[in-house]
Every structure is written in C-alpha cells, then in structure tokens.
Amino acid sequence: MEEKKKVIFSGIQPSGNLTIGNYLGALKNWVKLQDEYDCYFCVVDLHAITVKQEPKDLRRRTLEVLAIYLAAGINPDKNTIFIQSHVPTHSEATWILNCFTYVGELERMTQYKSKSQNSGGGESVRAGLLNYPVLMAADILLYNTDLVPVGKDQTQHIELTRDIAERFNNLYSPTFNIPEGYIPEDGAKIMDLQNPTKKMSKSSDNPNSYILIMDSPEIIRKKINRCVTDSIGKVKYSDDQPGIKNLITILSAITGITHEEIEKKYEGKGYAQFKSDTAEAIINELRPLQERVNDLLKDKKYLENIYKRGAEKAYYVSSKILRKMQKKIGCIPVSRSSESY
Ligand code: TYM
C-alpha cells in the first residue's frame with residue numbers, strides 16, 4: 001500500500017511585489033519539497049488587508065503571486081494552489097481559534113510590534129494586525145499540516161500556532177496535528193540592501209533596499225551595485241560585514257556554491273567583480289521565471305482554472321477539520337444536502 005504523504009502548507013501575502021527574500025526564503029524550497037509532500041500553497045490575500053490596500057492593486061498582485069508560484073515550478077497537477085479568500089473555512093476557523101488565543105500572546109509578536117508602530121500605534125492600529133497570526137494558525141491547522149516551509153521571520157508565528165493547537169487539543173481531545181516549521185539552510189533571512197541589519201521586505205519605502213522577482217536586469221545591476229557594503233575590502237562571510245555577508249548568502253542560495261568557496265574565489269579581488277557576478281547570478285535565475293510569469297498573466301482563464309480547482313479541493317479538506325472543531329466546542333452539527341463547494 002502506498003504510504004500517505006505528509007502535508008505541507010505555506011503562503012505568501014500579495015501585500016507588495018515579491019522580493020528575492022520571498023523567493024529564496026520560501027518559494028525555492030517549496031519547489032524542492034513538492035514531490036515528497038502533499039502540498040497546499042495559498043495566496044493569502046486576507047492577510048494582506050491587515051494594512052491598507054488599493055483594491056485593484058490587490059487583485060493584480062494576487063494573480064501575479066499565483067503566476068509566480070507556477071512560474072517558479074510549482075506543479076498545479078500535483079499541488080493544491082488556491083487563493084485564501086476563496087475558501088471561507090479559513091475565516092470561520094480563525095474566529096474559533098481567536099477564542100483560544102490570548103491577547104498577551106498576540107501583543108508579544110515582534111511583527112505586530114513593528115507593524116503597529118509603523119501604522120501610528122495606539123488607537124489607529126487595526127485589530128486585524130493583532131489577530132493576523134490567528135488567521136495564519138487557521139491556515140495551517142485546517143489541513144493537518146506537518147511542515148510549514150517559511151523564512152526565519154515566521155518562526156514566532158509557527159510557535160504560536162503550535163501553542164494554540166496544543167491548547168485546543170488539551171482542552172478537548174486530539175484534533176490538530178502539531179506542525180513544524182521548515183527553515184532553509186541558506187536564504188532564511190535575506191537582508192535589506194541599504195540597511196543589512198534589517199530583513200529585506202516588500203513593504204519597504206526605499207526600492208533600492210530590495211530586489212523584486214520581476215525587476216529588470218538593468219535595475220538588478222544598479223541595485224546590487226549601489227548596495228551598502230563596507231570599507232574592509234574582503235569578501236568574507238562575517239557578522240562584521242553584514243552587507244557582504246548578505247550578498248554571499250544570496251549568491252550561495254542561488255548557485256549552491258558554499259560560503260567558503262565564494263570567499264576563496266574572490267580572495268584579494270575587492271568587491272566589484274563579486275557584486276557584478278552576484279547580480280548576473282540573480283538575473284540568470286530570474287529571467288526564465290519572469291518570462292513565464294508574463295506569459296501566464298496573459299492567460300487569465302488558465303489561472304482561473306487553477307485557483308478554482310485549488311479552492312474546491314482546499315474547501316473539501318478544510319471543512320472536515322472545521323466541522324470537527326465546531327463539534328468539539330459544542331456547536332450543533334447539521335447535515336447538509338451537499339458537501340461540495
Ligand atoms: P510574507 O508574505 O511576509 O512572506 C512570504 C514568505 O517569504 C519569507 N520571507 C523571507 N525569507 C527570507 N528573507 C526575507 N527577507 C524574507 N521576507 C519574507 C517569509 O518568511 C515567508 O515564508 N504570514 C506569512 C504568510 C502566511 C503563511 C501562512 C505562511 C499566511 N499564512 C501559513 C505559512 C503558513 C507572511 O506574511 O509571509
């Protein structure tokens with residue numbers, strides 16, 4: 001008998017244009033894991049509205065993120081690819097899980113602390129920003145997920161997901177699988193090109209601080225050329241040289257060449273050649289992906305087919321767990337005429 005595959009769930013917010021941080025921290029690993037696991041890859045549009053969004057931009061970016069998943073090599077015939085707002089069980093489960101989550105836990109999340117400060121703090125912080133990790137917990141727990149491949153910045157949210165799941169399981173009876181995070185060895189935290197002590201982020205105000213998956217070769221060359229380094233002049237993977245360390249991480253995550261080999265290759269050569277080679281490696285990695293994204297975006301019917309199919313499967317699987325949750329907490333079950341989407 002064929003052994004049941006373990007389950008992966010992961011997602012990316014269409015809250016800005018995706019960066020090579022999203023690519024190297026998440027997407028590239030999803031592609032590597034997709035054959036071994038039963039995977040759910042979601043475009044988490046409801047997460048994106050925790051900060052202000054222009055509706056037409058959100059629609060455009062949601063489709064673009066979906067196209068990027070496919071262009072990066074996620075196979076739609078083997079994986080479930082869907083848009084979060086198409087599957088209402090996520091919002092329903094979030095409400096229930098909210099009732100098993102403490103405000104103090106949510107206020108301790110570092111992402112909440114920094115994002116709430118950015119949005120003015122105090123009265124003007126949206127409740128959705130505080131509750132965001134509960135929606136993420138619902139995403140993960142609704143599929144009996146075993147593994148969540150993400151970048152390092154998400155580890156605190158996964159810890160919280162585990163705590164909520166364990167709390168629910170202890171109060172009632174085992175309901176949820178307890179998921180594990182899966183953080184890549186290289187690329188787990190790509191840093192800001194202008195301030196390499198900060199994470200590269202799609203929501204940064206300074207376009208020179210990030211490289212977008214869809215940036216043109218000229219822009220990529222310019223951004224790498226201008227990125228902040230130091231005056232030491234040695235290509236070394238060291239905390240004293242965060243800018244250079246970040247470029248080594250990027251080059252290594254793309255090419256698979258180890259940090260030591262990179263240091264050796266550029267010994268005594270300064271930064272110019274190293275920067276230029278790093279830019280070319282990024283360009284070569286992204287070029288075929290960008291061409292596929294542009295082709296895919298011309299075929300909206302094809303994309304629609306994929307996200308419709310994905311939503312049906314995701315709804316079918318997640319509604320079983322949602323009903324289990326409802327039953328355990330005391331909601332009266334109702335037999336429905338159809339279980340279909
Ligand atoms: P988001 O949209 O901020 O980022 C998507 C993925 O990209 C990773 N990432 C990075 N990795 C390395 N270096 C960086 N500079 C970098 N920036 C982003 C993130 O770690 C993430 O893996 N809450 C999540 C989305 C989400 C989710 C989920 C993830 C919602 N529900 C369920 C997993 C499972 C988020 O905001 O990711």
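Yeah, the Cβs are placed from backbone N, Cα and C, and that goes for glycine too.
What TrEMBL annotates here:
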BINDING   GLN13, PRO14, SER15, GLY21, ASN22, GLY151, LYS152, ASP153, ILE190, LYS199, MET200, SER201, LYS202, SER203  ATP binding site
BINDING   ASP139  L-tryptophan binding site
MOTIF     14-22  motif ''HIGH' region'
MOTIF     199-203  motif ''KMSKS' region'
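For ligand 1, the neighbouring binding-site residues among ASP139, MET200, LYS202 are ASP139, MET200, by Cβ distance under 6 Å.
By the criterion of other Cβ atoms within 10 Å of the residue's own Cβ, the least surrounded of the binding-site residues LYS152, LYS202 is LYS152. Counted with DSSP, the motif ''HIGH' region' (14-22) comes out as 3 helix, 1 strand, 5 coil.
Neighbours of ILE190 (ATP binding site), defined as other CB atoms within 10 A of its CB across all chains, total 27. Rounded to the nearest whole angstrom, the C-alpha distance between SER15 (ATP binding site) and ASP139 (L-tryptophan binding site) is 17.
Across the structure, ASN22 (ATP binding site) and ASP139 (L-tryptophan binding site) place their CA atoms 18 angstrom apart.
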